[in-house]
Structures are given as C-alpha cells and as structure tokens.
C-alpha cells in the first residue's frame, strides 16, 4: 500500500495531457478567430452593414457547439476518448477549410457550424480524459492546462488577425491556420493512451492495466487497478438515460455540475469578453492594446490557478474567484454611478473589467471543467458531462444574444448589479454544495459522494 501514498512521475502522463489540450487551444482559437476579421469578411462576402448576418457568423458556431456537446457523451462512451478527439478534429478541419475557401455567406455559415460541432465535442472530452489519465496529485494542475490552452488559443487568434486590415483576404489565412493544430491532434492521438477507466468500464481490464503502466509507471498499476475494482463497472447493456441523470441517485451531482456552469456563464464573463472593446474605446484605449490587456489578465490568472489548484484545492479557489468577481462588478457599478467624475469612472471601469477577468481565470474559469469529471461516477461521467456542457452553451448563447439589449433597457448600473448578485449567489452555492476533491483518487470521490445503496 506504500505505492498508494507515493506520487507517480509527471513525465509519464504529461505528453498525453498536452496532446489532449490541443482541443482546448482550438476551442479558444475558433471563439476568437472572427473578432478582428469580421469587417473584412463582411466586405468580401457581400453582407457589410447587415448586423444579423454578422451576428450569425458568430452565433452559428455556438449553435454547432451546442449540438456537438449533446452528442459528446455518447461519442466518448461508444467510440472511446481517443477516437472522440479524432472525431472532434475532423469537422474542425472540414469547417475551417470551408470557411477559408467560401465565396458566399451560406458557405461561411456551414463552415462555422461544422467547426462549432467540433468545439462542442472537444472541451467535455478533454475534461473527461484529463481527469481519467492524470495521477490524483496532479489532476488539478493538469486540469488548469485546459484554461491556459483556451487563453493561448484566444490570444493566438487575435495575434494572427492583426494583418487583416492591411492584407486583402488575410481572413482566409486565419481559418487555414487552425487546420494545422487540428491535424496534429488527430494524428498524435494515435500514439496516446486510451482512458483506463473507459477500458475497465468496457470489460477490457488487461488493456486498462497496460495503459496505467504507460501513464503511472509499473509500480503503481496494482494500486490503480485495486482502486478501480472497488467500483461497480455497471452493465454495458444498461445505457445511461437522460431521466436517470435528472432524478434519483445521480441527481445531486448533475444538479451541482449544471448549476456551476450556469453560474459561471450568468456571472457576465462572456458579456465582458464579447463587449470589452466598447468599454476600452470610451477610455480611449486602442482595441489591440485592450485585447492584449484582457488576454494577459486571463493568462496570468490561469497560470496562478495552475500553481495553486493542487495546493489550496478546488473549493477555496472557486470561493475566492467568485468573491473577487463580485467585488469587480461592484467597481463597475461604481463606475456607472453619476456621482463619480469622468476620469475616475474610466479608471474604475477599466480596472474593474481587468480584475473581473483575472479573478474569473483564478477559479470560476478552470475549476468547473475539472471538478465535474471528478464528482461524476465512472458509469455516468461522459453523459453527465455532455448534459452540463449543453447547459453551458445554451446560457452562453442567450447571454451573447441579450446582453446589449439588456444594457440599453436596464442601464449599466442595474445590469452590473445583477451580475454582482449572481457572483455572490455562486459564493453561497459553492460554500454549501461543493466538496473538496484535491489529492483524492476518482474512486475515493465516488465512494464519498455516492455510498452504495
């Protein structure tokens, strides 16, 4: 039993984790790829000034992501985690190539929808895979790679989009660039380990042992298999139905997971990402400088979260993150107050926005995607993750759709007050419902959350 208390070498699992997080890099890249070039795209494809068409170029990708996330659990359970990554890379390559070569708005929308299905499948499968192949001592650190890769993808999209105003047709290159990491993901997955949890669930124990040896080292295999054997593998013929997730023994963990994602999106983070440029414009900050500041705040928070995740734990980071976001929104409310002077208002607004992004990246950004695969049972993990990601995409879509209208109707002070209230509600929810999973094996978490009937 000594083996259970010593930690496996990080060098064994690290390459597999890095390849898996390419899907998150692509996720970030495709979310940001149309921001800079949208004007050039609208001129070249003949829909300049049509705000509905411009909105569709952005939101069609989100619609595809919702569809992809709905099927991600079924794909990950039936085809395996590795094959699921390859299947998510395929529509990203075809979709990006379609968008890069199209001469019409319809072609662009088809390409964006295909890319969306790929980025809908990628993030839930990446969260699953990282939770299942990482040693317990490193799971938090590796989980943070997803957020860091997403940040790097967003920043990469903004960086590659810089020449778009000077070079005609450069937006086509922006789409072509994304096919390279997607191709690398599909190819490199051939050499990566399959999830031992998935193999065990399928009754392939010998293969699960072999994969544990690749990921943890020979001395840890017996202990890892002993931990797995404590759990009911479940009858493979007995598929997980949606009704099973929404009531009975599994309801509590699915409720915690979907509520965490809902609170993450309702905190206003995507409203801040989508519409930060208008705030910076009023402060006379150039858009490229503004994007760089937001990117640096996001990346800094993500790196700090990576360093602290396995030291302070998930729950503490979530609590302080949501509390910091509440305080940031309070600064935004103060900035919108008529009693604050012009320059003071701008400092508060820009400072509040950067602090909001930084504190989001410390916990509310990376933790839900890491925590959910930890608290879901092996039998329901992929399907439950798919359900929670679908909730995430639906709310993301409506926040993007309604934010500007609500800002006009309610005014910034009331809207930011609502966001601050949601963040405070999140602090209370996390305090009452979320358990700490730091340093525990997935089996220990499962036994703690769901005692045998």
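Positions of Cβ are set from backbone N, Cα and C atoms, glycine also.
A TrEMBL annotation is a machine prediction, not a hand-curated record.
From a predicted model like this one, the values you see are computed outputs, not experimental measurements.
Feature annotation (TrEMBL): of 170-192, 193-215, the stretch labelled transmembrane segment is 170-192. Of all ranges given (228-252, 253-277), TrEMBL attaches the label transmembrane segment to 253-277.
Of all ranges given (287-304, 413-430), TrEMBL attaches the label transmembrane segment to 413-430.
Among 52-72, 170-192, 253-277, 316-340, 384-407, 170-192 has the largest number of CB pairs under 8 A with the transmembrane segment (12-32). By number of Cβ pairs under 8 Å, the transmembrane segment (413-430) is matched best by 316-340 from the list 52-72, 170-192, 253-277, 316-340, 384-407. Ranking 52-72, 316-340, 384-407 by CB pairs under 8 A with the transmembrane segment (253-277) puts 384-407 at the top.
Three or more CB pairs closer than 8 A are found between the transmembrane segment (384-407) and the transmembrane segment (52-72), so contact between the two stretches is assigned (pairs 6 or more residues apart).
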